[in-house]
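Enquirer: Pulled the feature table from TrEMBL, pasting it below:
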- A:232-423: domain 'ABC transmembrane type-1' (DOMAIN)
- A:12-38: transmembrane segment (TRANSMEM)
- A:237-261: transmembrane segment (TRANSMEM)
- A:268-290: transmembrane segment (TRANSMEM)
- A:302-323: transmembrane segment (TRANSMEM)
- A:344-369: transmembrane segment (TRANSMEM)
- A:404-422: transmembrane segment (TRANSMEM)
Amino acid sequence: MKPNRIVEKGHRSLIITAYVVTIFFVVSAIIPVLWMLVSSLKTETDILAYPPKWTPSIPQSVQVTLDYSGVEERDALFYEKEAMKATWYPWMKNLRENIGEVKVTGVRDGQIIYRARTISSSFHVGQPLIVPSTLFNETQMNLKLPFIREQKLSDFEWFGEDGGEQASDGLFVSDAAISSKFQSFYSSTPLVEGKVTGIEERFSWIRMFDSYLALNKIAQDASGTLGFFQYFLNSTIVTLATVTIQLVLGGIAGYAISFLIKSKKWQFIWVMFFLATIMIPGISLLLPQYLLMKDLGLVNTLYAIILPHSAWGIVIFLFKGFFDQLPGELMQAARVDGASDFRIFSQIVVPLSYPVFTVVAVMTFIPVWNEFLWPLVVNNNPQFWTFTVALNDLQNKSSVQQNMVMASSLLSMVPLFIVFITSQKYIEKGVAFSGVKG
Amino acid sequence: MTIKRFSIPWMLILFLFPSVVCFLLFKYYPLLHMIYISLFDYSIVNPPGKFAGLTNYTGILTSATFWEAVSNTFVFFVLYLVLTFWVPVIQALLLSEIRKGNALFRFLYQLPTIMPMVAGVLIWKWMYNPDFGLLNYWLSFVGLGPYLWLNDLDITKLAIVLPSLFAGSGISLLLYYSAIRSVPTEILEAAKVDGAGPWKRMWTMLLPNIKFIIIIQFVTFMSGVLLAYDNIYVMTQGGPAGSTTVVSMLIVNTAFQQSRFGVSAAMSAFMFLVIALLTIIQNKISSVKD
């Protein structure tokens, strides 16, 4: 390109317009995605800040030391309750503070006798049950302790009265915001027997990811031990099974129409038999397909989500169209040599048709991963929910904050993002080649 | 001795059989079943229930809810048409003028397409939050709002359509773009020699050349709007006061909330007819071009 070629009149204005408009649309599309990312890293406090903030603040880790020197010796249960009271009550009182975790250390005569740690995801998941109100007393904690233990909301480690390690010296009560609030709580509410000798706070950026942990804890309640990964797994099974079924069934049906039927008329009739089904909108078949799954006893299974996907007219059409372009002589030669149809298909047709298989796989993956209505209708057991259904359920839960919803939305993008990055050129090829919306 | 043996084409049967079974079971049988259900006052406990003839069909034609859903769908259609349909055309035309960073822009344009629609809607729903949302905050700078985006009868439909303006163009953009790239450069050069400037070339050469794709996409767009469900359901569940309940949503609600299966099936049949008609039109247009 010559550096000082003559610029056509109007060329510059067009280029400038092109860049301005393109950048405007690209940026407008990306802002929501960035906002999702930022929101997913926010704490419960930040998410409800007004004006909205673009930088999530880093949560504080609060470390409380309780000294039991001179207090009569008790059993582990007593200390566990102490630690829980010293954690859950002041935290509930200061619900609006940006607390990432609370650590309580029990000390007697310079020796550590217990350690307890509660992270914010556990606190926010457990809070409606453990500390529903700011009514704090002894009996409350007696009632709630079993729940804390059962759901593993707080870690508690007891070293015995002889103590474990040496406690660190130089403890002090910090006058930072959260520490002084904790201090005033302990001094005004005589619930904890140990003497508060130290409260410190420091930044703990790792606790920014607690919305993801909280999400998993909530999902565990609904879908079992795998938590959020269960939904992930379900979506993966559904999508991969669908892609496999379509490649195999569509591939062999396309082969049959293209090579095993000689008459053009019959080829057309078979193609129409399959292709005509694209006229039937999914929404019209929702009720009869549901009744069918009910008759087959497949409601509330993953099969119910997968099986209807085995009949996509467009897939067979794409395969047939591609196979028609393959050189017929090759097939003929193989047949003369006595190769069976299985061998011709698997050793000649499949290797030559790599592009169409990839295009079908990618064009199937995306809509099936994103599918919402059919899995919603045919499954009401959380164990078999796919990602999209779980996402929708999450947003309707009152205990779930937007940071968790955004975290889950972000997670739902990850597999598609990987598929997209690795196969963008096939998507472009697929679009050019079929002109059909996925 | 030449006896033409008639052999059963086992291979053909073996290769076609699975697909034929799947299509019959999951497409054709449900379609017939739907029409069958629509003729009954269908009872799921004791199927098929009382024969109703065509009363389900005549019933929906006189039902106010149905016509409200039809009118909602129509308003959505107009909104999508005005706000979103033309956007990828412009984007593709301008993108084809860009040399530097073209691949990057194409990649970024498609990025929102890979977000599950449910997730995309949830982000926008969060931005629409009347108290803590980003949009009301921004609008407050120019003295607008605050708006109750998803609870205000006047703007809820707009709030549902708006995300598609920014994130809905991925695939159609690619289609237009590849169509523009396939316009032969000779005719562009010829126009240039004849003195047509770049803007004029864009409007008089490129645009008419992709007119055909635009028409096809328009038919696809119409069925897309008619069948829109997910984004509306996640955003508003058809509210407030039924103002965003479209026909597809009415079909689902009638069947799965009110258990009026016959009526739902009759509406499904109606939907099927409309979509089938649109598909046939689309195929007719395609074959004219070929």
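The backbone N, Cα and C atoms fix where each Cβ goes, and this holds for glycine too.
Have a look at these and tell me how they're positioned relative to everything else.
Expert: With a threshold of 8 Å between CB atoms, the same-chain residues lying at least 6 positions outside the transmembrane segment (A:12-38) that come near it are 54-56, 406, 409-410.
Remote same-chain partners of the transmembrane segment (A:344-369), defined as residues 6 or more beyond its termini with a Cβ less than 8 Å from a stretch Cβ, comprise 235, 238-239, 242-243, 246-247, 250-252, 255, 259, 309, 312, 315, 318-319, 322-323, 326, 330-331, 334-335, 387, 415-416, 419-420, 423, 426-427, 429-430, 433-434, 438.
Residues 36-37, 39-40, 211-212, 214-215, 218, 228, 232, 235-236, 362, 365-366, 369-370, 387-388, 390-391, 394-395 of the same chain, all 6+ positions outside the transmembrane segment (A:404-422), place their C-beta atoms under 8 angstroms from a C-beta of that stretch.
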